[in-house]
Amino acid sequence: MTILSDVAIVAVCCLLSGAALVGGALPVAALLGLSSAVVGTYVGIRHPLWLYWLLAGALAALPFGYFPGVHAPLTFGLGIAVLLASLLHRNDNNTLAPLEIGIAVLVVASAVSVAATFESPTDIAEFGKWTVSTVLVIALLRLSPADLSRFGRIYAGASAAAALFAITIVAADPEGRLISYLSVVGYGRESNSTRFVYSDSGNAVRLAGTYIDPNTAGIGLLVALAVTLVVFSGWRRVGLATLFVVCVALTLSRAALFSILGGLVIVVLFHTLSSKQRRTIFVTLGVAVLAAAATPQVRRRVFSSFGSGDAGSSARADALDNFTSVMHGHWLFGLGWGRPEFKDPSKSFEVNYVANAPLLTVYRGGIITGLIFVAILLIAVTVAYRTLRGGDTPQAALAGIFIGFTVVALQLDFPVVTIPSVTMMFSVFLVFLAKNDPHQQQSAVQLGYRDDALVQGVR
């Protein structure tokens, strides 16, 4: 009866929300706000883990979705709810790891930079969204291994749904009109949401789906791949991993592709593998390279990276050349958080700011925040190296992909810094890396949180 009553309360509030959406502006503001408050408060007190599961699904499947009827991002609202739930329902794990301490210091330093460069409420709004996405690491690390494993499975499953939807758009709806069916959650505002890559031989559709941008899709699917490796096993792991790798290739995101390939090479070099495992990895790499070479769009996209005519590479080089002159007089606190180029794509092309996560952190928040961000990356890479040397093969693969992502993607792209939903995806990546650290697992055993579902995957 308790479960039925819980579901009934939530259902009634959802019906009120639906009725509000049919009505005018005043009913929307009143009924939707009231019902959302009731649902959020009730779930946060009685069933806090539901908020985690909702966040996992929304972040993976609808990273740029909005709450129906209100212009509030799903991931931001659910992220706040998760942080509040983690404060209301604390466990005995109150020790902060070096990675968490680094994140706390980064938030404080960033707050100082916001205060020093404040120009409009947009600065505070952007800082608030980034903070929620970043501090989520600490909240998720408070989960038990069993609950975090479930979070990961929901995240991977929702990512698979988003990947299949994106494949459907590429294969059957090249004009991108299917996305309009998600208008209730804020998608489909553009008449044509399809993204292309252009070359002398024509153009090719890039997979994006609910991620909107192909490079963002590459990051999201890469994180989903890494999470899948440690929360599933057997045919589920193989099937989902294959789906995500294929979809990353279809995004034509060079940063994501090279991150995965680099990660596998790192695993071969530093992880203890049996002869059979090495042969499997080499065969997998060989098949992947041959498949990429046999696909004209992927082949042109990859090999154009090494040519002088690649517009993206030229723009990156120009931004790096101009970086010191742009930062002149702004090294200490940066140029600010709510700048137009972070919000307006056309303005970002005009400004051509540096597409490098550490340098963009300096650009936005100053040299101190940039150095702290680099320190966090170094801590995470150290954890990844320990996992490579001491973890099992799926854990080592996650660690290798993280190192590849740090060395390649974070040096070639910027969404992790400027787009809150992508920042949150990176936070999920950090959480699963930290939870699979051999040292972290020893601490979990001492606290009684050991759970083979996270360590060995779900069969």
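Any Cβ shown, glycine's included, is placed from N, Cα and C.
Among the features that TrEMBL reports, transmembrane segment is placed at 50-67 (among others).
Marked as transmembrane segment by TrEMBL: 96-118 (among others).
The transmembrane segment annotation in TrEMBL covers 154-172 (among others). Panel annotation: around the transmembrane segment (154-172), residues 53, 56-62, 178-179, 194, 205, 207-211, 217, 220-221, 223-224, 227-228, 231-232, 240, 243-244, 247, 250, 428 of the same chain, lying at least six beyond its termini, place a Cβ under 8 Å from a Cβ of the stretch.
Outside the transmembrane segment (216-235), and at least 6 residues removed from its termini, the chain residues within Cβ reach (under 8 Å) are 60, 63, 149, 152-153, 155-156, 159-160, 162-163, 166, 207-209, 241, 244-245, 247-248, 251, 253, 255-257, 259-260, 394-395, 397-398, 401-402, 405, 409, 413, 415-416, 419, 421-422, 425-426, 428-429, 432, 436, 453-459. The transmembrane segment annotation in TrEMBL covers 216-235 (among others).
Counting residues 6+ beyond its ends, the transmembrane segment (241-269) has Cβ neighbours under 8 Å at 159-160, 163-164, 166-167, 170, 197, 204, 206-208, 214-215, 217-219, 221-222, 224-225, 228-229, 278, 281-282, 284-285, 288, 291-292, 295, 297-298, 301-302, 305, 388, 393, 396-397, 399-405, 407-409, 412-413 in the same chain. For 241-269 (among others), the entry in TrEMBL reads transmembrane segment.
Residues annotated as domain 'O-antigen ligase-related' in TrEMBL: 242-353.
Positions annotated as transmembrane segment by TrEMBL: 281-298 (among others).
What TrEMBL lists as transmembrane segment is 362-384 (among others). Remote same-chain residues near the transmembrane segment (362-384) are listed as 98-99, 102-103, 105-106, 109-110, 112-114, 116, 323, 326-327, 330-337, 339, 342, 353-354, 399-400, 402-403, 406, 410, 417-418, 430, 433-434, 437 (criterion: CB distance under 8 Å, separation of at least six residues from the stretch ends).
Look at TrEMBL and you will find 396-412 (among others) tagged as transmembrane segment. Remote same-chain residues near the transmembrane segment (396-412) are listed as 218-219, 222, 225-227, 229-230, 254-256, 258-267, 270-271, 316, 355-358, 377, 380-381, 383-385, 387-388, 429, 432-433, 436 (criterion: CB distance under 8 Å, separation of at least six residues from the stretch ends).
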